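To keep things clear, I will list the structure first and then write my remarks on it.
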C-alpha cells in the first residue's frame, strides 16, 4: 500500500510521467478489450460492411476522445485559448504545441486498436466477404444459377462458420482476406512508425530556440495554473479557519474570556501567534467581495510576464555603490549628505 501511495504521489508530481502512464494503460486496455471482445458478424449483406468497418473506426474514435478527457492539459489549453488578453498576450505557437502534445498521446490507444484489429482480420473478413470472387477458391458450381441477391447472401455467410456449408471454400476465402488485412496492418504500423521518426528527425532541423520557447511557456502555463489552485486552496483553508474561529469567539465570548483569565500567558501568546499566522496567509484579502474581485481580475486581466526587482533594493544598492540606474549618481562618496554613511569593520584573524 505504501509503495502504491509513493508511486501515485510521484505520478501526481510529475505530470508528464502521469500522462505517459495513462497512455500506456489505455493502450493495454484497448488490446485487452479486443481480445475479450466477442466478435459476432451479422452475416447479412446489408450489415456486414457497416459492422466490420464500424468495429475498425468507432472504438478508435472513442479511445481518442477518452484520451482528451483524461488529459488535464485540455482544460488548460481551453482556458488559455478563450481567456481575455488583458496585459498578457497569447502566443499561438504555445497553443499549437500543447494541442500537438495532447493529440500525440491520445493517438496511442487508437493506433493500438487499429493495429490489433487489422492483424486479427475478423472485421476485415466481415466487411469485404461480399466482394470476393468465389471462382478463385474452387468449386464455382456453388454460385451457378444464383441471382445477384442470392450470391450476396451466400458470400455474406463466409465469416460465419456455422452457416456456410462448404468448409474448404470458407477456409480459403478467410485466409485470403486475413492475409490482405494483415498486410494493411503492417502498412499501418510502418506508416505510424515512419511518421514518428520524421517528427523526431525533422524537429532539430528547424529553429531549436523557437521549440524551446514554446515548450517552456507551455510548461509555465501548466505550472502556473497548479500553483494558483494550490494558493487558492491554502487561502480558502485559512479563510475558513479564521472565519470559524471568529464565529466561535462571538458565540461563546463570555466563556472564552473566563477560560482566558484562568489560562497561562504562554497559551494566550501561542493562540495569538497562530491566529496571526492564519491571518497572514490571507494576504490581506478578508472579504468575499474582495476575493471575487481578485478571481475575476485573474481571469480577465492576468499580470504581464515581466518580473522586476524591488525598487527599494535597487535604490539602496545604487546608493551603496555610488550608482543610480546603472550610472554614477553624482556624489563623490556615493551617498547624499543627509543620508548616514554606513560604517564597515574588517577583522583579521591571526590563527
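Glycine too: its Cβ is placed from the backbone N, Cα and C atoms.
Here Swiss-Prot flags 9-36 as region 'Central pore', drawing on a curator's inference.
The transmembrane segment annotation in Swiss-Prot covers 21-36 (among others) and rests on experimental evidence.
Applying DSSP to the topological domain 'Extracellular' (37-48) sorts its residues as follows: 1 helix, 0 strand, 11 coil. Among the features that Swiss-Prot reports, topological domain 'Extracellular' is placed at 37-48 (among others), with the record citing a curator's inference.
What Swiss-Prot records for 41-126 (among others) is disulfide bond.
Per Swiss-Prot, the feature disulfide bond maps to 43-160 (among others). The number of other CB atoms found within 10 A of the CB of residue 160 (disulfide bond), across every protein chain shown, is 17.
Annotation comment: Swiss-Prot describes 49-71 (among others) as transmembrane segment. Taking Cβ pairs closer than 8 Å, the transmembrane segment (49-71) reaches residues 19, 22-23, 26, 30, 33, 39, 41-42, 102, 105-111, 113-114, 117-118, 123-128, 130 in its own chain, all 6 or more past its ends.
The region 'Phospholipid-binding' feature in Swiss-Prot is assigned to 62-69 (among others). On the 0 to 100 pLDDT scale, the region 'Phospholipid-binding' (62-69) averages 90 in this prediction.
Cβ atoms under 8 Å from those of the transmembrane segment (99-124) belong to residues 19-20, 22-24, 26-27, 29-31, 34-35, 39, 41, 51-53, 55-56, 59-61, 63-68, 71, 73-74, 77, 159, 177-178, 180-182, 184-185, 188-189, 192, 218 of the same chain, restricted to positions at least 6 beyond its ends. Residues or ranges marked as transmembrane segment by Swiss-Prot on the basis of experimental evidence: 99-124 (among others).
Annotation comment: Swiss-Prot describes 100 (among others) as S-palmitoyl cysteine, evidence class similarity to another entry. Classification of residue 100 (S-palmitoyl cysteine) by DSSP places it within a helix.
Swiss-Prot lists 104-116 (among others) with the feature region 'Phospholipid-binding', giving similarity to another entry as the kind of evidence.
Summarising the annotation, Swiss-Prot assigns topological domain 'Extracellular' to 125-177 (among others) and lists a curator's inference as the type of evidence. Each residue in the topological domain 'Extracellular' (125-177) gets a DSSP state, and the totals come to 34 helix, 0 strand, 19 coil.
The transmembrane segment annotation in Swiss-Prot covers 178-203 (among others) and is backed by experimental evidence. Residues 111, 114-115, 117-121, 123-125, 211 of the same chain sit 6 or more residues outside the transmembrane segment (178-203) yet have a Cβ under 8 Å from a Cβ within it.
Per Swiss-Prot, the feature region 'Phospholipid-binding' maps to 189-199 (among others).
All protein chains shown were included, and the count of other CB atoms within 10 Å of the CB of residue 205 (S-palmitoyl cysteine) stands at 7. Taken residue by residue with DSSP, residue 205 (S-palmitoyl cysteine) is part of a helix. Taken from Swiss-Prot, the feature S-palmitoyl cysteine applies to 205 (among others).
Here Swiss-Prot flags 263-281 as compositional bias 'Basic and acidic residues'.
Put simply, 126 is the one of the recorded positions 100, 126, 205 whose Cα lies nearest to the Cα of residue 43 (disulfide bond).
Using residue 41 (disulfide bond) as the reference Cα, a 10 A cut-off selects 160 from the recorded positions 100, 160, 205.
Per DSSP, the secondary structure of the region 'Phospholipid-binding' (62-69) breaks down as 8 helix, 0 strand, 0 coil.
Closest to residue 160 (disulfide bond) by Cα-Cα distance, out of the recorded positions 100, 126, 205, is 126. Separation of the C-alpha atoms of residue 100 (S-palmitoyl cysteine) and residue 205 (S-palmitoyl cysteine): 18 Å, rounded to the nearest whole number. For residue 126 (disulfide bond) paired with residue 205 (S-palmitoyl cysteine), the C-alpha to C-alpha distance reads 45 Å.
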